[in-house]
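The transmembrane segment feature in TrEMBL is assigned to 12-29, 50-71, 91-124, 136-158, 164-181.
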């Protein structure tokens, strides 16, 4: 995948993920400096942890490449299709999803949130493209709505522990909540009422000009 061909937000985030992994691999930083902790952020004011927890996908390895590939693939497709010409809306999706993941992270003791955020994007794409058929590694054929669950199963097989699935389920849960509030609620229930996931006007002016 040519990183120069990626849309700007996906390219920026993907570049930061790769740079963080390299920095950790060559011991410029430690993973213990990157994780999110309410105590360290709000008591010791180590505010960078809010950001770094979303750009660390783990050490180099199969699981890192697995999450990075699917993040780049589905973030790109969302940014280029669902959010084409609406860059501020895509940024708002990332902000809202990140806040929700930060709030629930203590419940599952998950200090690194890049993988779960990637799963948010996969889930939203899968719901908005439900009729598309997908082949995973040429081994498994499925339709888009089952994609997040198949990827969670593959992640479990790669890592061999249940915690890997729990982290992916975090992303699926947040993705489902966002999809419901942004897509289902306005269409099925609100009858033209206020969109709960509407992007703030200041962000639209800042990002889209």
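Including glycine, each Cβ sits where the backbone N, Cα and C put it.
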Counting Cβ pairs closer than 8 Å to the transmembrane segment (164-181), the top stretch among 12-29, 50-71, 91-124, 136-158 is 91-124
The answer for the transmembrane segment (136-158), taking Cβ pairs under 8 Å and residues 6+ beyond its ends, is 62-63, 66-67, 70, 119, 122-123, 125-127, 129-130, 164-165, 168-169, 171-172, 175
Distant-in-sequence neighbours of the transmembrane segment (12-29), which means Cβ under 8 A and at least six residues beyond its ends
3, 6, 52, 55-60, 64, 68, 71-72, 75, 94, 114
